[in-house]
Amino acid sequence: MTHSTQQLSPEGVAEGKRGRLIRELVNRDKTPLIILIMAAVVGVVTGLLGVAFDRGVDWVQQQRLLALANVADSALLVWPLAFIMSALLAMMGYFLVSRFAPEAGGSGIPEIEGAMEEMRPVRWWRVIPVKFIGGLGTLGAGMVLGREGPMVQMGGNSGRMIVDIFRLRSPEARHSLLATGAAAGLSAAFNAPLAGILFVIEEMRSQFRYSLVSIKAVFIGVITSTIVYRYFNGERAIIEVGKLSDAPLNTLWLYLLLGIIFGAVGVIFNALIFRTQDMFVRFHGGDWRKLVLIGGLLGGMCGLLALLHGNAVGGGFALIPIAAAGNFSIGMLLFIFIARVITTLLCFGSGAPGGIFAPMLALGTILGTAFGLSCAHFFPQYGIEAGTFAIAGMGALFAASVRAPLTGIVLVLEMTDNYQLILPMIVTCLGATLIAQFMGGKPLYSAILARTLAKQEQARATVIAQEPAVENTPQTGR
């Protein structure tokens, strides 16, 4: 009997198996090259936006302070001018948000999370200019807001802009570049590339669709945005507190205690934010005129507070190294902490375009320093350096509120360049996260997104309920 095929030898079988394995390995990762190229473009665009936004805010603040310095000798001029300038700047931000892009209000991070789940729209053509110019107004007014929220939202919208400009149709490209822009935005805001990556993977874990394509895109976008940022601003740490000593092992229990305290503080802080948001909604009732007026009053108040006690207002980055160095007494630290909690709640809870990262980091630094000074007083045998507790506190409040401990740890270490404090940071942030979870607290951004979606559904249900009434009016002839 003749055979049309020849039986393979054992060597031929092995060779064929090796060839098949190689082909499977080569074909396993078919990453669309266009997505990776566009991720680099998104990173560059976001980095440039970050540099422009950062410098724009600094310029507005400098011009405001320069104008006040020119009339500093006249009390009759400096106080009214401080109120009026900050009020007008803030009103500009509130007006743009309320009239042109309501989704640009607040941090903007929950909007990106909702967009990643296809639950919130991404209208980049109006969000980017409104968030940019509105943020210049509110942050330039000296309000207690951060720059990172606007950067994350503008970065995510930049990703969607690139998708639309280059007509990328695949859902994978739309999702990957949206996440890439968000990560690149955080990286550009804090000069913290690894924290930008972890923020998307950890904090947005419910929305982020983990795949080889998406993770590579995020890496590339973060790298390019960081390169752009460092090209213009240098490679130094964004918060310079100096090199602190490592924490002795016999003091780790104090860091755990600090984490427990911050866990409770984080839950209370989040609850107060939600109550403040509800309070402002009751005040303005959706009327944009009332909202703009409220924003003007808040901005003017921050302008006056800047003259009375400058540490109570502003983003807080300038305050962090001063507080961490132990330049305030425990009583003064607690006073500043309470004052900044109130101003943070009012500014962020009102819906002003601006983030809460920086104010939160400042609050953590202040309370952490107060705790460290207290420990140094009660436990002199440990030789405690209060600044180490300040650094741990920065990450702990973030971890308890946002419920992203790994991001909080890496973010603070990258920002301060004190990597030797990683062990006390882990202990503090883990303790804060566990206590916050035990107390039933909800992650800040996820809770804000849930509230936004609930309002969206309520508005939709109201519209649907009104439709039959419109159809049955006498004017319809029915």
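Here the Cβ of each residue, glycine as well, is placed from N, Cα and C on the backbone.
These figures come from a predicted structure and were not determined experimentally.
If you look up Swiss-Prot, you'll see 1-32 (among others) marked as topological domain 'Cytoplasmic'. Mean model confidence for the topological domain 'Cytoplasmic' (1-32) is a pLDDT of 58.
Long-range contacts of the transmembrane segment (33-69) within the same chain: residues 78, 81-82, 85-86, 89, 128, 132, 135-137, 139-142, 147, 150-151, 154-155, 158-159, 161-163, 166, 168, 172-173, 176-177, 180-181, 184-185, 188-189, 213, 216-218, 220-229, 232-233, 303, 307, each at least 6 residues beyond the stretch ends and with a Cβ under 8 Å from a Cβ of the stretch. Marked as transmembrane segment by Swiss-Prot on the basis of sequence analysis: 33-69 (among others).
Residues 60, 64, 67-68, 71, 126, 130, 133-138, 140-143, 288, 291-304, 306-307, 350-353 of the same chain, all 6+ positions outside the transmembrane segment (77-100), place their C-beta atoms under 8 angstroms from a C-beta of that stretch. Taken from Swiss-Prot, the feature transmembrane segment covers 77-100 (among others), and the record attributes it to sequence analysis.
Residues or ranges marked as motif 'Selectivity filter part_1' in Swiss-Prot: 106-110.
Residues or ranges marked as topological domain 'Cytoplasmic' in Swiss-Prot (evidence: sequence analysis): 117-123 (among others). Tertiary neighbourhood of the topological domain 'Cytoplasmic' (117-123): same-chain residues 101, 103, 111, 156-157, 160, 178, 206-207, 449, 452-453, 456, selected by CB-CB distance under 8 Å and a gap of 6+ residues from either end.
Here Swiss-Prot flags 124-141 (among others) as transmembrane segment, drawing on sequence analysis.
Residues annotated as transmembrane segment in Swiss-Prot, with sequence analysis given as evidence: 148-166 (among others).
The feature topological domain 'Cytoplasmic' is assigned by Swiss-Prot to 167-176 (among others).
Counting only same-chain residues 6+ beyond the ends of the topological domain 'Cytoplasmic' (202-214), those with a CB under 8 A from a CB of the stretch are 29, 31-32, 35, 112-114, 116-117, 172, 175-176, 179-180, 182, 402-404, 406-407, 443, 445-446. Swiss-Prot lists 202-214 (among others) with the feature topological domain 'Cytoplasmic'.
Neighbour list (E203 (site 'Mediates proton transfer from the protein to the inner aqueous phase'), Cβ cut-off 8 Å, at least 6 residues apart, same chain): V402, R403, A404, T407, P443, Y445. In the three-state DSSP scheme, E203 (site 'Mediates proton transfer from the protein to the inner aqueous phase') is classed as helix. Taken from Swiss-Prot, the feature site 'Mediates proton transfer from the protein to the inner aqueous phase' covers E203, and the record attributes it to sequence analysis.
The transmembrane segment annotation in Swiss-Prot covers 215-232 (among others), and the record cites sequence analysis as its basis.
Look at Swiss-Prot and you will find 253-281 (among others) tagged as transmembrane segment, backed by sequence analysis.
Annotated topological domain 'Cytoplasmic' per Swiss-Prot: 282-287 (among others), in sequence order, evidence recorded as sequence analysis.
Same-chain neighbours of the transmembrane segment (288-309): 64, 68, 78-79, 82-91, 93-95, 98-99, 138, 141-144, 280, 336, 339, 343, 346-347, 350-352, counting only residues six or more beyond its ends whose CB sits under 8 Å from a CB of the stretch. The transmembrane segment annotation in Swiss-Prot covers 288-309 (among others).
Residues or ranges marked as transmembrane segment in Swiss-Prot: 330-349 (among others).
Sequence-distant contacts of the transmembrane segment (355-376) (same chain, at least 6 residues past either end, Cβ-Cβ under 8 Å): 107-109, 144-152, 189-190, 251, 254, 258, 261-262, 265, 269, 273, 315-317, 319-320, 323-324, 326, 328-330, 333-334, 336-337, 340-341, 344, 347-348, 382, 384-398, 401, 412, 415, 444. Here Swiss-Prot flags 355-376 (among others) as transmembrane segment, drawing on sequence analysis.
Residue counts for the topological domain 'Cytoplasmic' (167-176) by DSSP state, with H, G and I taken as helix and E and B as strand, are 6 helix, 0 strand, 4 coil.
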